[in-house]
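Colleague: TrEMBL lists these features:
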- A:20-40: transmembrane segment (TRANSMEM)
- A:20-237: domain 'MacB-like periplasmic core' (DOMAIN)
- A:265-290: transmembrane segment (TRANSMEM)
- A:269-390: domain 'ABC3 transporter permease C-terminal' (DOMAIN)
- A:311-337: transmembrane segment (TRANSMEM)
- A:371-394: transmembrane segment (TRANSMEM)
Ligand SMILES: Nc1ncnc2c1ncn2[C@@H]1O[C@H](COP(=O)(O)OP(=O)(O)OP(=O)(O)O)[C@@H](O)[C@H]1O
Ligand SMILES: [Mg+2]
């Protein structure tokens, strides 16, 4: 084996130019595919981060709530229950929310809004909503006022200190109505949200909706965002059928969808790339075999078994691919590391559209070790495939013919 | 007992619907220590005969017995291992692996057999010195002359101490000086080390050096003379 490995290694150096072309094409394919995919994956990370900031990693609702989001499908909320959840393994925050639509009226205009009853301290620790405060002060648990999105306040022509009138449907056909002083304003990145959100402390919202001791959702955040499924299953099992536990994947299907589209595009692109480069590699390995018929014949004559000649070809092919992979990774790794550490800021329209989604407007390559392993393995698999025809040629090689 | 015992050997080559009796009922014995040439016109069947003796090809009829073992009855794998362990080969040209040095080429078969590195290296160095290439140990074949390459090939063929060495027209691509040198070397190794050589040639000057000359014609032995 050592002998064959040394021979294989030297044989790669034999046609230097050809080997260099093969090695650089592998390196190029790796660099392009890894960079492209890292960019996509880095982008998801940002979308997921922004998305989970809104919806948490997991949500607990009364069973069936999410499809209708009806004020009548609430679940009982108690500090004890929240505490119990917060103490479960892998969970960092538990946020209770009571949310429903309502109509908000200012001096002259009325607009449909979303009323969010939140636990101000904990919510702020997670979403840093108070960081978006543009005027006034943020709400506390005992506050009797509300915080309003800036755009909405402008639309209603209301300012800090003014009173907003909220009317809506409460729990079990109660009428929800109340007057609330505006205590502060927040500027939200997403224009739609900036025109619709009203925040008040959970007890105030429970009173407004006649929903004492009730909440529409618990948002959970996890230590490890990749552990949503096991944690979900565990919680679902403890809570039973009266509740639904959903992951951010289920709560934000659009992320999954765009991921699916991107993955399809990437798979198509990289398949084409690897197909073209694979053809070149297959041709190279085939040439390496065909032009050495006589050499293989002599090797067989002096005592090399056919299996050893096949092994020699496999070693040569894999070594060639391996060198290409090493070079490719040596180029891709520093590039991805650098681009990960130095994101490119996005300006103009594309930057704005990122901001609208609440996503930081930068292009940042994700750092995904599995990607390097995957792309490297694909190259080695191609090199393995490339030996198939040569294997057949060696099997049919007749020593007496080959040495003529 | 002869090293090589050939009984009623025949080989039919079939190609394009035509069949050629390249070897036709040959009986021949080669003893240990012989220095024998097979001569004959082009197409007379010399290569075919040597390939059969060396276990590179299999007979259509008859037997080749090497040390009492029938080559034709072995599987391909067995024959390959048998060639490695018992026979040495020198071909007309491109004998050596271009990516290995002279020393590594001579060591090659011994390494294949799994001989310890110091043993095989000593043996290869000694042989290369003996054939006057002591200063070319680490040179690759591409930097050697044709005559030097053939001498390295001879060294490789006998390094693992085979029962005999087969050389099919080893001098065909050499000039007359190199031809004479190679023959002198082979003769010397035959005398000093008792290596059995069986070689084919067109060249009458090569023929003259042989101690036994077998003239081959149309796949049959026409004459067999000691000289
Ligand atoms: N693989 C083959 N298929 C068909 N015919 C063959 C094959 N090999 C050899 N022959 C034929 O067998 C005969 C003997 O060929 P061989 O090569 O043994 O002769 P040779 O004496 O070595 O000739 P040369 O001196 O030219 O090397 C020739 O007629 C040749 O055409
Ligand atoms: Mg011949």
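Each residue, glycine too, has its Cβ placed from N, Cα and C.
For each listed feature, how buried is it and what is near it?
Modeller: Cβ atoms under 8 Å from those of the transmembrane segment (A:20-40) belong to residues 262-263, 266, 269-270, 273-274, 277, 280-281, 284, 320-321, 323-325, 327-329, 331-332, 335-336, 339-340, 363, 365-368, 371-372, 375-376, 379 of the same chain, restricted to positions at least 6 beyond its ends.
Summarising model confidence by region, the domain 'MacB-like periplasmic core' (A:20-237) averages a pLDDT of 91.
Cβ atoms under 8 Å from those of the transmembrane segment (A:371-394) belong to residues 26, 29-30, 33-34, 37-38, 41, 274, 277-278, 281-282, 284-286, 288-290, 296, 306, 309-310, 313-314, 317-318, 320-322, 324-325, 328-329, 332-333 of the same chain, restricted to positions at least 6 beyond its ends.
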